[in-house]
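Now, the feature entries from TrEMBL:
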type: TRANSMEM; residues: B:20-39; note: transmembrane segment
type: TRANSMEM; residues: B:75-93; note: transmembrane segment
type: TRANSMEM; residues: B:129-148; note: transmembrane segment
type: TRANSMEM; residues: B:154-177; note: transmembrane segment
type: TRANSMEM; residues: B:207-229; note: transmembrane segment
type: TRANSMEM; residues: B:249-275; note: transmembrane segment
type: TRANSMEM; residues: B:287-308; note: transmembrane segment
type: TRANSMEM; residues: B:314-333; note: transmembrane segment
Amino acid sequence: MDKPGPAHPGRRFPVRLTGLLVSVILLAVVLVLSIGFGARFLSIGEVWAGLTDPASPYYRIVHEMRLPRTLLGLMVGMALGLAGAIMQALTRNPLADPGLLGINAGASAGVASAAVFLGIGSFYGYIWFALLGAAVVTALVYTVGGGRSATPARLALAGAALNATLYSYVSATLLSDSQAIEKVKFWTAGSLASADFATVTRLLPFFAAGLLVALAAARPLNALSLGDDAARALGARPAVIRTAVIVAVTLLCGGATAACGPIVFVGLLVPHMVRPFTGPDLRWLLPYTAVLAPVLLLGSDVLGRILGSPGELQVGTVTAVLGGPLFLYLVRAAR
Amino acid sequence: MTTLTLEKTVGSRVGVRPRAVVVGVVAALLAAAIAVLTLGTGEFPIPPADVVKTLFGQGTAAQDFIVNELRLPRVITAILVGMALAAGGAVFQSLVRNPLGSPDVLGITNGASTAALTVVILGGSSTQLSLAAVAGGLGAAVLIQLVGGKHGLHGYRFILVGIGMSAIFTGISGYLLTRGVQMENARALLWLTGSLDGRDWQQAGPLLGVLVLTLPILLLACGPGLRILEMGDDSAAALGVPVKALRTTALFTATLLVACAAAAAGPVAFVALIAPHLAKKITRAPGPNLVPALAMGALLLVGADWIAQHTPRVLPVGVVTGAIGGAYLVWLLTMERRAGRI
């Protein structure tokens with residue numbers, strides 16, 4: 001085993017591959033747990049029967065409630081984790097997170113406007129407004145934060161400013177309409193509870209597009225981390241890469257937020273936890289993040305269902321309470 | 001040399017800066033003028049001259065009832081909340097040595113609102129709500145100092161800790177909102193936005209008491225020391241300032257003010273950030289600039305309330321300050337970047 005040097009070169013190839021396999025197994029376990037936990041606990045055998053056998057008494061529970069929820073958590077977790085990872089690479093900022101940077105709040109503002117002014121109450125209507133809000137805020141936070149010369153503190157502050165402004169806008173619009181408050185209150189806390197197959201299938205194209213762009217950006221982003229000039233010398237086009245990353249972040253965060261509300265810290269935490277293992281190479285970092293981010297999100301969701309029973313704690317609350325202290329630790333450790 | 005500087009610094013605390021006085025007086029007069037306009041605004045408009053007459057007890061019985069009984073408490077609450085937020089913000093910005101180190105950004109306000117929200121959802125009385133807000137604000141201050149205060153209170157580390165805390169509190173608030181039923185949620189959300197609707201002496205009274213108690217502490221005991229502290233901990237200690245004691249006193253007095261303001265009107269966004277910073281920009285004086293900041297805070301909140309009452313659909317005042325404050329914060333960030341400070 002080689003020792004990680006100062007720049008986190010990561011582990012050797014076989015170790016990384018084994019780690020990825022272990023992560024995939026972990027993800028499989030969490031997926032089964034997420035289907036199994038609920039008002040009625042299902043054992044592994046019952047989960048399997050519920051998935052495959054239409055005659056099983058659990059077929060409907062699994063297919064109509066828990067499977068869509070689990071699939072949604074899988075997609076949203078991947079989306080937030082990848083968005084966080086490529087944002088961190090693009091801004092060279094270890095504290096970048098779609099929640100902290102206000103991108104999720106931008107999507108929320110879009111959704112709140114849609115719910116109040118246009119009376120839209122379904123995911124299919126939300127998503128365009130969420131994407132629009134996310135796109136505007138991504139561009140804004142990047143510009144206000146200083147673009148290419150952005151520092152972590154500047155970006156975080158620009159994000160905090162936009163967050164505060166957007167949340168006061170969201171509550172102002174919601175206040176005028178108490179029915180809208182009811183419609184979106186679970187949504188504003190960040191929850192997977194309202195998942196159904198329609199949501200999953202409608203999120204899928206946005207998610208898939210964002211995923212492909214993000215994964216395709218891994219190599220060029222690696223080049224960009226050497227600086228613009230070096231990247232150009234290696235044949236990369238910095239402007240194109242930046243645009244592609246912003247498009248991917250918008251698709252991933254806008255879609256995830258439209259589907260289940262603003263969720264913080266997933267995009268921050270997971271890339272951070274895997275970086276010591278993979279090193280800064282995005283070709284490893286992104287797959288690891290894509291596998292482990294849903295583990296965190298679904299794990300938080302299952303935890304919320306256990307802790308909050310007979311009701312449930314919203315997954316956004318669980319990730320905030322779990323991820324917050326880690327963020328504080330990272331801030332303290334950074335020097 | 002050092003003695004000379006010290007004498008100069010200490011001398012200027014007693015000496016009055018003409019510019020600061022002018023700024024303070026102009027802001028206070030403007031605040032009073034807008035307050036008179038606001039007192040005349042409503043379902044029964046009253047001309048400003050009559051409002052002034054009524055305030056001095058010369059109005060008709062109807063005017064007396066409308067102005068002095070119905071509208072005055074709200075305006076007084078606005079002025080007091082503005083002053084408390086501005087004073088608290090001024091001290092925080094001076095302690096953190098950064099205009100962005102306001103209680104909004106540091107998560108103090110969020111701590112107060114999360115605690116208050118718990119009470120709203122549990123269906124508590126308004127007294128319990130106020131007490132919870134104060135306790136929540138102080139609790140957040142303790143937490144932030146514990147986590148971020150290891151290397152002193154200044155610098156971006158401290159602000160980032162505050163941002164992290166805010167995110168945690170926001171997550172908890174989101175959960176609390178889902179627990180409430182429809183009526184409570186509307187009440188909770190209104191409170192979270194910051195509103196002056198239906199505020200009367202019940203809110204203004206305690207806040208006035210807290211201001212009367214804490215302002216002398218800040219003005220006389222902390223102000224001069226804070227100005228020296230801005231030169232750095234070591235320099236201040238060398239000049240005989242009890243750094244640790246001063247910092248703790250100032251931090252908790254300021255938190256108390258902000259939390260009490262939040263208890264009275266909800267966490268009205270950004271006043272604590274803008275008022276002291278504007279005052280400092282205009283007076284161009286070092287230190288926390290408490291007196292001009294107080295006047296500026298009153299002016300901002302009364303002005304925002306006037307705007308809120310004149311929007312087509314009457315808005316809570318927190319929405320107006322949130323909109324103004326967000327724009328101001330973005331502008332401030334851009335300026336700070338140009339100046340190369342961040």
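Counting starts with 1 at the first residue shown.
Cβ atoms here come from the backbone N, Cα and C positions, even for glycine.
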Take a look at B:154-177, B:207-229, B:249-275, B:314-333 and tell me which one has the most Cβ pairs under 8 Å to the transmembrane segment (B:129-148).
B:249-275
Applying the under-8 angstroms CB criterion, which one of B:75-93, B:154-177, B:207-229, B:249-275 scores highest with the transmembrane segment (B:287-308)?
B:75-93
Count the CB pairs under 8 A between the transmembrane segment (B:20-39) and each of B:75-93, B:207-229, B:249-275, B:314-333, then give me the winner.
B:75-93
